[in-house]
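For reference, TrEMBL has these:
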type	residues	note
BINDING	Q317, L318, R319, I320, K321, N350, S389, K418	4-amino-2-methyl-5-(diphosphooxymethyl)pyrimidine binding site
BINDING	D351, D370	Mg(2+) binding site
DOMAIN	13-255	domain 'Pyridoxamine kinase/Phosphomethylpyrimidine kinase'
DOMAIN	300-470	domain 'Thiamine phosphate synthase/TenI'
Amino acid sequence: MTRPIVWTVAGSDSGGGAGIQADLHAMHNLGVHGCSVVSALTAQNSVAVTAAEATSAAMFEAQLQALAADMPARVIKTGMLASEEQIKILLNYINDVWLVVDPVAVSTSGYRLADNAVLQAIHKHLLPRAQLVTPNINELQLLTGVSVDNEEQAITAARQLLQTGVQAVVVKGGHLNTDLPQVTDLLVSADRVVRFQQPRIANAHGHGTGCTLASVLASALALNYPLEDALVMANAYVAAGLHDAEAVGQGTGPVRHHLWPVAAPHFAAYPWSLNEKSSLPDQPFALMPPEQMGLYAVVDSVDWIQQLLEQGVRTLQLRIKTPLSAQKLEQQIAQTVALGRQYQARIFINDYWQLALKYQAYGVHLGQEDLADADLPAIQQAGLRLGISTHGYFEILRAKALRPSYIALGHVFPTTTKQMPSQPQGLGRLADYAALLGDYTTVAIGGIDLLRVKPVLATGVDGVAVVRAITEAADITQAVEELTDAFG
Ligand SMILES: Cc1ncc(COP(=O)(O)OP(=O)(O)O)c(N)n1
Ligand SMILES: Cc1ncsc1CCOP(=O)(O)O
Ligand SMILES: [Mg+2]
């Protein structure tokens, strides 16, 4: 696969910590090809910006022309911009690309990098064309004129920015509530507000974090990660870089840059929506040790359950998606639970958590949408296991915060069993997710057949969930035997 191209349109930092230099480090480490359009030269070191000079309009446009002719961008990320004229020129090159605007206003050392006219031009011309804008609190105030001292005001100001047409705002909360041990970034779009709360990393160094965050976001979007996942990745990347940041000169040292994926402990953000937190159980769900996962058969009737139990499958799920009368549905679930007891099998009930509770099933499997409605504390207190579906970093972190018995990762390959709103993850991302989850019990699902079992297990997941590999097999007995043997 050719690497997607991302342009950074930003200022050069002679100290190498921020601006174009930080952007290209981050883009390289995320695996995209970074191109640069230099809007200004700054003379700076770790202590101060001593001079700045705008790139001429002609030279600014020449860079854009050269790139447009041969290396078109999938995503353009803007940082420091020197004039309204530059912004108007840039507008001609924002066609069929995504735009991430980092409205750089003031350097870490306090030097004003964009005057009000530039910020107004960003507001007027760039934001209506942008998918995402990433202000810190100061920049949010400068862009909106709203005074921001708390989260509510930040949300109000971010919603005001949405009126320009920008699709989403990431408010970087590092400068808000500085007495708290956590930092909360806000992802604000027309239909929701998500908080990304993570521990504050106390390090005096970390010049270039804003540029780096926006560049990781732009790169991850270019790699087709959804925005929520891109933000998880950007937070993790910056957390790793801040954790290891150290002095290079006499002043504020630069954020460090590490190859992707960064280590699991840096994925510390817990993303949650407004008003969502009250229903978290205060204890983990009953354990399901990784070695018990193995082959996980997902089927839609008690007859299938019985047949597969007789063949020795011991991890199963009853996933009924066709409309049944309430009585038939309850019968299917009651009989399934009874069979599970008889065979000492691990049988999960998909969706119908109330009936699973009523009949004391071994476990329940829930999707992300189901989580909002389910009585999770009741499921946990009754000792039922809980499995949760996930489709990327954002959902993985949300699921992990609930401490379920296992986390399902999917869909790995294209599947015809279910219409999926997300893209197939592929083996590379599956391996990243498995590494992030470490000892946590995991299972992969989606498009897995006999030939794919071994490569899937090689990513580090503990089990493989299948529908068609069993239900559509020409010889079911043989399919189950071969799938089971593939774990040997
Ligand atoms: C093991 C396993 N993983 C994922 C799913 C999908 O569950 P969900 O997101 O609830 O979607 P539906 O199955 O209800 O369509 C699963 N069932 N099992
Ligand atoms: C229910 C579900 N959730 C994610 S993929 C999937 C279907 C998996 O079915 P198959 O194994 O036939 O691809
Ligand atoms: Mg479900």
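Residue numbers in this text run from 1 along the chain shown.
Every residue gets a Cβ built from N, Cα and C, even glycine.
All annotation found in TrEMBL is predicted automatically rather than curated by experts.
In the predicted structure, the domain 'Thiamine phosphate synthase/TenI' (300-470) carries a mean pLDDT of 97. The secondary structure of K418 (4-amino-2-methyl-5-(diphosphooxymethyl)pyrimidine binding site), as reduced to three states from DSSP, is coil rather than helix or strand.
Pairwise Cα distances among Q317, L318, R319, I320, K321, N350, S389, K418, the recorded 4-amino-2-methyl-5-(diphosphooxymethyl)pyrimidine-binding residues, top out at 16 Å.
A C-beta separation below 8 Å, combined with a sequence spacing of at least six in one chain, links N350 (4-amino-2-methyl-5-(diphosphooxymethyl)pyrimidine binding site) to V298, Q317, L318, R319, I320, V364, H365, L366.
All protein chains included, K418 (4-amino-2-methyl-5-(diphosphooxymethyl)pyrimidine binding site) registers 13 other Cβ atoms within 10 Å of its own Cβ. If you count neighbouring Cβ atoms within 10 Å for each of the binding-site residues R319, K321, the highest count belongs to R319.
In this structure, the CA atom of D351 (Mg(2+) binding site) is 11 Å away from the CA atom of S389 (4-amino-2-methyl-5-(diphosphooxymethyl)pyrimidine binding site).
Taking only the Cα positions, the spacing between S389 (4-amino-2-methyl-5-(diphosphooxymethyl)pyrimidine binding site) and D370 (Mg(2+) binding site) is 10 angstrom. Contact annotation for binding-site residues (L318, N350, S389) versus ligand 3: N350, each with CB under 6 Å from a ligand atom.
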